[in-house]
Amino acid sequence: MDSRNMLVVYSVNLEKKLNAAAHHTIEYQTQKLVLRRGQIFSLKVMLNRPLQSHDELKLIFNTGHNMPFYTVELDPMTSYRSKGWQVKIAKQSGVEVVLNVISAADAVVGRYTMNVNEFDAGVFFLLFNPWCSDDSVFMASEEDRAEYVLNDTGYMYMGFAKQIKEKPWTFGQFEKYILNCCFRLLTHLEPKEMQSPVLVSRAICTMMCAANNFGVLVGNWTGDYSNGTAPYVWASSVPILQQHYITRMPVRFGQCWVFSGVLTTALRAVGIPARSVTNFESAHDTEKNLRVDIYLDESGKTIPHLTKDSVWNFHMWTDAWMKRQDLPQGHDGWQVLDSTPQEISEGQFRIGPSPVSAIRQGLVQIMYDTTFVFTEVNGDKYIWLVKQNQEREKNVLIAVETASIGKNISTKMVGENRRQDITLHYKFPEGSPEERKAMEKASGKRPDDKLNSRTLHISVLQNSVELGHPINLTIVLKRKTATPQNVNISCSLDLQTYTGNKKTNLGVIQKTVQIQGQESEVSLSMDSSFYIYKLGMVDDEMVIKGFIIAEIVDSGERVATDTTLCFLYSAFSVEMPSTSKVNQPLTITCNFKNTLPIPLTNIKFSVESLGLNNMKSWEQETVPPGKTINFQIECTPVKTGPRKFIVKFISRQVKEVHAEKVVLITK
């Protein structure tokens, strides 16, 4: 062919705005085009002459060093095949040709370079596609996709089962550097692995933890965060992933809700539907026997060298939505992924993906790590009394609780700023034949019922303490008889973190009462002075854990239970306008009163929003008892649209107090 007649590509327009809108990727803050696999995108190609029937246009899509590339030529067929990459002419006008390209629904995800007849057409990112029915992350409901893929804000649910608190969280999966960071975390995967949401999600989960190959977050539960950021300070995944991307170093520090928030962000960023999930009264079984063993002395104090298991007030992980083509049928849908460094799986700290369907049925052999998650949501709690007998210890089982683990499993409701209870997705109703059958299937043995003959039953009514006020407990004792009986009650109260880590014992309350009738209430009280001066001993939010033992004097029968009390603190008041303009100052006015009898130290108020470039803060060293402070924080919105502003208050003694408001930012 005469070189003067050779077909030459002069330019390629990736039609970023048009394609991004069609692929639901217009919010990504990147100069590169972001596409979803299995869906048509358009290219506008300028040639040196009109395209003729004998001409060839060859497109090469390359995913990087040592990675395969796809070569696609013009297809004369007008219809698209069911599989593979394809390219067709959509429109031709003189030297301008519009091409429609469709990637394979199981294509490698990641960063691509593209060449058209050796012309460098640029770079784009290819994501998983929940809108594509042939993609293994397909999600049928548009409302679900809007929530689990596109929503960049949400809530974490914290506290404990009887006193659930919501914590606003900014996922920010579209923000600058986030997508780059997520794909850089996956550079160690083989091409075939980058096709699978199962393997990609497991790899992302692994790389969230700094203990695994310099991953994103350093876990810290010591209460000393002096060389980093305290976990409770974070309210967004964005600064964490941005810092990791820029520095290539692990970010200090995280706890379970931070790990969950960042993992949810990363999964949504690469196109895998995801949600942060909270399990209240979450078991941590160190012996893999599907139960938690707690050992008490005769006053109700825990015995640390024997009590290796723990029950967390709450624990958070992330659910990801996908087909499980690597498993038998019936395990598609939500999968548990947990990047909090608790357990080793195949040599690294990670959990999952574990099918929620398998967890519910007790199918603990199903991959990955289903035994651990099953115990978290459906384990049993054994309480042992350790008795000293002639210098020897004797362990006596005094309580078996089959319904106290895995309460109020929660996530944000689709399309609403409310909590959704999804407990029955993870387990059958407590006490039902199906629930006990799942436990039997998981453990391989029938449940222990040797304590069912007990005549005395114990429970506790309270679930909170107003900070600065006495601890008041009401113990409820139930019997089948109305005969008067003397009962010894011993209640040990600890100050501990949400993971069950005991920081100090506040004291033991002991009382002997005569109970009459089939139900009796016994009041116990401890003055606030026993705890108020210990709140700042560690830089963590603290709760009160109580272990109560009741003994019938005549028969010696003992029963036990435990309770968790959270501290309540009155919120501060915040004023901000309902509307504001981009690039103009917005003023937030705060009013706060210290209602405690002790000074509050290391005061910090902060404002975060996806409408701001940076977090804004106001700090003060000390607020004396009874003192009221008023101040203003000024910030400048840089993005239009409805933007949620989160104002947080923290101090050494009081944590996790916040207010929020949506402000409409206009041009």
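Note that Cβ sites are derived from N, Cα and C of the backbone, with glycine treated the same way.
Note that this is a predicted model, so its numbers are computed, not measured.
As recorded in Swiss-Prot:
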ACT_SITE  Cys256  active site
ACT_SITE  His315  active site
ACT_SITE  Asp338  active site
BINDING   Asn378, Asp380, Glu430, Glu435  Ca(2+) binding site
CARBOHYD  Asn151  N-linked glycosylation site
CARBOHYD  Asn220  N-linked glycosylation site
CARBOHYD  Asn227  N-linked glycosylation site
CARBOHYD  Asn408  N-linked glycosylation site
CARBOHYD  Asn472  N-linked glycosylation site
CARBOHYD  Asn488  N-linked glycosylation site
REGION    430-449  region 'Disordered'
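On the structure: features taken from Swiss-Prot.
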residue : record                      : DSSP (3 states)
Asn151  : N-linked glycosylation site : coil
Asn220  : N-linked glycosylation site : coil
Asn227  : N-linked glycosylation site : coil
His315  : active site                 : strand
Asn378  : Ca(2+) binding site         : helix
Asn408  : N-linked glycosylation site : strand
Glu430  : Ca(2+) binding site         : coil
Glu435  : Ca(2+) binding site         : helix
Asn472  : N-linked glycosylation site : strand
Asn488  : N-linked glycosylation site : strand
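When Cα-Cα distances from Asn408 (N-linked glycosylation site) are compared across the recorded positions Asn151, Asn220, Asp338, Asp380, the shortest belongs to Asp380. Non-local neighbours of the region 'Disordered' (430-449) in the same chain are 289-290, 360-364, 371, 374, 378, 380, 400, 402-403; each lies 6+ residues outside the stretch with a CB under 8 Å from one of its CB atoms.
Ranking the recorded positions Asn151, Asn220, Asn227, Asn378, Asn408 by other CB atoms within 10 A of the CB puts Asn227 at the bottom. Counted within 10 Å of its Cβ, the other Cβ atoms near His315 (active site) come to 25, all protein chains included. Around Cys256 (active site), taking its Cβ as the centre, 28 other Cβ atoms fall within 10 Å, counting all chains. Shown in sequence order, Gly379, Thr402, Ala403, Ile405, Gly406, Lys427, Phe428, Gly431, Arg436, Ala438, Met439 are the same-chain residues outside Asn378, Asp380, Glu430, Glu435 whose Cβ sits within 8 Å of the Cβ centre of the Ca(2+) site.
Other Cβ atoms within 10 Å of the Cβ of Asp338 (active site), summed over all protein chains shown, number 30. Fewest other C-beta atoms within 10 angstroms, among the binding-site residues Asp380, Glu430, Glu435, are seen around Glu430. Distances between the Cα of Glu430 (Ca(2+) binding site) and those of the recorded positions Asn220, His315, Asn472 are shortest for His315. Annotation for Asn488 (N-linked glycosylation site): same-chain Cβ neighbours under 8 Å, separated by at least 6 residues, are Gln510, Lys511, Thr512, Ala550, Glu551, Val553. Of all the recorded positions listed here (Asn220, Asn227, Cys256, His315, Asn472), His315 has the Cα closest to the Cα of Asp380 (Ca(2+) binding site).
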